[in-house]
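**Q** Mind looking over this structure? Questions follow.
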Amino acid sequence: MPVHDYLIHPTISPIAFELGPLAVRWYGLMYLVAFVAFMLLGRAHAKRLAAQGVATLDAKQIDDLLFYGVLGVVLGGRLGYVLFYKPAYYLEHWTEIPAIWSGGMSFHGGFLGVLIAAALFARRANWRFFQLTDFIAPLVPLGLAAGRIGNFLNAELVGRVTDVPWAMIFPTVDMLPRHPSQLYQFAGEGLGLFVLLWWFSRRPRPLAAVSAMFLIGYGGFRFLAEFGREPDDFLGLLAGGLSMGQWLSLPMILVGIVMMIRSYRRTTGVNP
């Protein structure tokens, strides 16, 4: 197809708006949307569970949990990017590690950070770890969806070159038609995973089952979406022709399957 027949990504400023000397970037705004969505969904989820007579968190605990989660996402996401994707670079430029504003966050690192934060919060709140992660899991995907919209607006993490009819040209990258992979991830690990988990958690499940469904669902959606996403230029494709994102997603899927099987083999314990 001629270039003019493909969709063209609109060139959008990375700055959403300015307040005096403060420039609010789209990606930062999407983080704010994610945290607000977590807080509002958390209250709705708690109310739904309370109506079933299931022990849950109150509003203050949800706010405290959000604080723990923010720390886990930011610290884990940054350190995960440093360790998983560019360890050699940051070994030489270690002073740039705190420079989150320059870009470079890893979902899988943020995920590990959130798990650590959840363990600390569960201990403080006297909850079982999986009891808490079962509560958290349905609240996460809309935040992931917001993040992918931020990626799309910034024309970053673009897809692989393709000739499919819905291919899009990102002029700030090159003039080649590419998969709009950010939108694939928005639809899969964002909206699709949210619908799946919100439906799955609509009634009490065995302890850790909702957490297991998150691992299987996210890992599966991410693994598939990576086939349309351009691999990081400093890594390329790894063993088996898979990307780093796919290799990091495979353990999530496998652990999720094992957790689900073990969860349903138990005879006691339900999620909050």
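Placement of Cβ uses the backbone N, Cα and C atoms for every residue, glycine included.
Feature annotation from TrEMBL assigns transmembrane segment to 26-44, 65-85, 105-122, 129-149, 183-200, 207-225, 237-261.
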**Q** Which sequence-distant residues neighbour the transmembrane segment (105-122)? Criterion: at least 6 residues beyond either end, Cβ under 8 Å.
**A** 64-65, 68-69, 71-81, 83-85, 128-129, 131-133, 136, 144, 222, 245, 248-249
**Q** Within the same chain, where does the transmembrane segment (26-44) have neighbours whose Cβ lies under 8 angstroms from its own Cβ atoms, ignoring anything closer than 6 residues to its ends? I mean 6 or more beyond.
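**A** Residues 12, 14-16, 57, 59, 62-63, 65-66, 69-70, 135, 138-140, 142-144, 146-147, 149-151, 153-154.
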